[in-house]
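Undergrad: Take a look at what TrEMBL says about it:
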DOMAIN    B:301-332  domain '4Fe-4S ferredoxin-type'
DOMAIN    B:366-398  domain '4Fe-4S ferredoxin-type'
TRANSMEM  B:6-24  transmembrane segment
TRANSMEM  B:65-88  transmembrane segment
TRANSMEM  B:108-129  transmembrane segment
TRANSMEM  B:154-172  transmembrane segment
TRANSMEM  B:214-232  transmembrane segment
Ligand code: HEM
Ligand code: SF4
Ligand code: SF4
């Protein structure tokens, strides 16, 4: 167990009669997946460092229903969405930040017509805002000389046109950013989307994550950075397929920032 | 007898345009088989998209060679059609080069048409080489066998022949003008066709007239034939690219529609005051609403317009992660299947006085298999790649909805994932009460 993180739930805020600045939507992966939990922790370390008054829903949080929707189960999606909206509206939530582009996309785009209207940000956008406002400073040259390539998550990049925030954050560490041949709007999927994460792939001659990792490795990176827990898993598996675990690491942008500050 | 050519011409014109109008009617009826969808929003953004993407060809040039060649064919085609107007009027009135009083402007126009015609010939040859000699990957996928392949080449032959006829006509005309033949007064500039003239050297005046008239007639009949070929071809895109880019998706690509029929039911289920025995509203209007799509009538009309607009260029498929890794899914095939099935439905209606009678087939399984549908990562690469704003992903999702909500036919692992969400609010079998444990680990 490492140093104590400061995390308060909405219930605690309510008990104190206060409103948080933001709600951190942790998401199912960020709550339960061993690798993704580390991303949640890294993001919270940065929030703590910037003294952000944030809340989580804790045990009241439930799946956004996103993956059910992509799988075609509109019923389950809307059930989850309406339940979550009831909770969020009850707490009068205004601003939501999440590390998961899938939650980001559905909360931002698909919840409004069901009655959930919030200002939704991806954590890279929010971290950039903190830096721009001078609340968070990134210093040091720990990453100088390191080559980082950023893999655009489909639901952050192509789907919602967020391309710059993660790249600007990575640049703050003075690392050397190298682009893959297919990046930004033309980025290749990691293979996890559309509920593929939860099933075996159909018959083919290769796995999508291996193909994407090939593209990433062509840039000779030290680090493959991404902004999605599912991409993270897929790229990590891809690195294993190429037996490059010793020379290349897969990190979330929040982890790169937290590491660079020795958090 | 003097007016015979004019009459024959008028009849050909009426027949050509008449058949075309019949096809347009059929096309519009078939598209309207789709469900209604509200596209009245974002008007100015829609006009801008049409101007940029269709008129301005912005997404074509993402692939520079194909893009630039296409811009030539496209501009050439539109501009040369100004000449077709003159050809039609000449044909009807028996005049020769009716617009020639425009003088130097006319010379400039005819000169430019000739240069464009030459460029179009070059572009068409490049297209042909890419398809048949270099055999670019995206043109030789499994769904391109048979008619789609023939169609792809046929178009190029038609364009090629039309341009050659145009230039031959001009060359013969030029020669006749030089010879001072009656009716062929001097008009126009012939920067390209003057190089064809030597081939015609030594032909008598009457042979030249024969060449000129033959080329003239074949050119205009060719255009009328081409007009009627459109409906059976991926070349319908030259018309439909415009409305299709207007009606294309204007929301963020990641935003899928929320099914309203589901919203109604979910609200009813979640409302503690709702009377569970009250008859659902749908029963008043007949059968309960079907969720998702198993056939073309379940799709909306923009999706059907998409299918008719598809140029079969395969840019979507060549960007698709599933297709790139050898899965059966090809977004282009999704569009081609939708069009083929829609055509089939249309033919059944023609044969049954406008009524659709089930033929025991549907889009799902008979055309598109679940294996294809489940291979999609919903990454939107196909939507991004399409130069005419087609959204294959929306059809895939609509068909998944049918599989899951009407047939409970999701892959087992996905059913497990969904029951986990139902039972513990996460796609994995973890307890919701453990959601905050990550803080202290
Ligand atoms: C109005 C006159 C037009 C003409 C004569 C025309 C002609 C052609 C021809 C000959 C091809 C076949 C190229 C090949 O063999 O690869 C083609 C393909 C295509 N056209 Fe058009 N076109 C027209 C308008 C448009 C418009 C407005 C668009 C909208 C952007 C468009 C989009 C496409 C696309 C996407 C392809 C597939 C070719 C590729 O990606 O390589 N066309 N067109
Ligand atoms: S959204 Fe589906 S069909 Fe389209 S490119 Fe991605 S995986 Fe292929
Ligand atoms: S859907 Fe678009 S990109 Fe795909 S083949 Fe048709 S026109 Fe080309």
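One is the number of the first residue shown, and numbering goes on along the chain from there.
Every residue, even glycine, has its Cβ placed from backbone N, Cα and C.
Please treat TrEMBL annotations as automatic predictions, because they have not gone through curation.
Remember, predicted model here, so these are calculated numbers, not experimental data.
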Undergrad: Under the DSSP assignment, what numbers of helix, strand and coil residues are found in the domain '4Fe-4S ferredoxin-type' (B:366-398)?
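TA: Per DSSP, the residues of the domain '4Fe-4S ferredoxin-type' (B:366-398) fall into 18 helix, 1 strand, 14 coil.
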Undergrad: Which sequence-distant residues neighbour the transmembrane segment (B:108-129)? Criterion: at least 6 residues beyond either end, Cβ under 8 Å.
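TA: Distant Cβ neighbours of the transmembrane segment (B:108-129) are 65-66, 69-70, 72-73, 75-77, 79-80, 82-83, 99, 102, 153, 156, 159-160, 163-164, 166-167, 170, 187-193.
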Undergrad: By Cβ distance under 8 Å, which residues at least 6 away from the ends of the transmembrane segment (B:154-172) in the same chain are close to it?
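TA: For the transmembrane segment (B:154-172), the far contacts come to 73, 77, 80, 83, 110, 113-114, 117-118, 120-121, 124-125, 127-128, 131, 188, 190, 192-194, 196-197, 199-200, 208-209, 211-212, 215-216, 218-219, 222-223, 225-226, 229, 233-235.
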Undergrad: What does the DSSP secondary structure composition of the domain '4Fe-4S ferredoxin-type' (B:301-332) look like, as residue counts for helix, strand and coil?
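TA: Reading the DSSP string over the domain '4Fe-4S ferredoxin-type' (B:301-332) gives 20 helix, 0 strand, 12 coil.
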Undergrad: Which whole-number mean pLDDT does the model give the domain '4Fe-4S ferredoxin-type' (B:366-398)?
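TA: Here the mean pLDDT over the domain '4Fe-4S ferredoxin-type' (B:366-398) amounts to 98.
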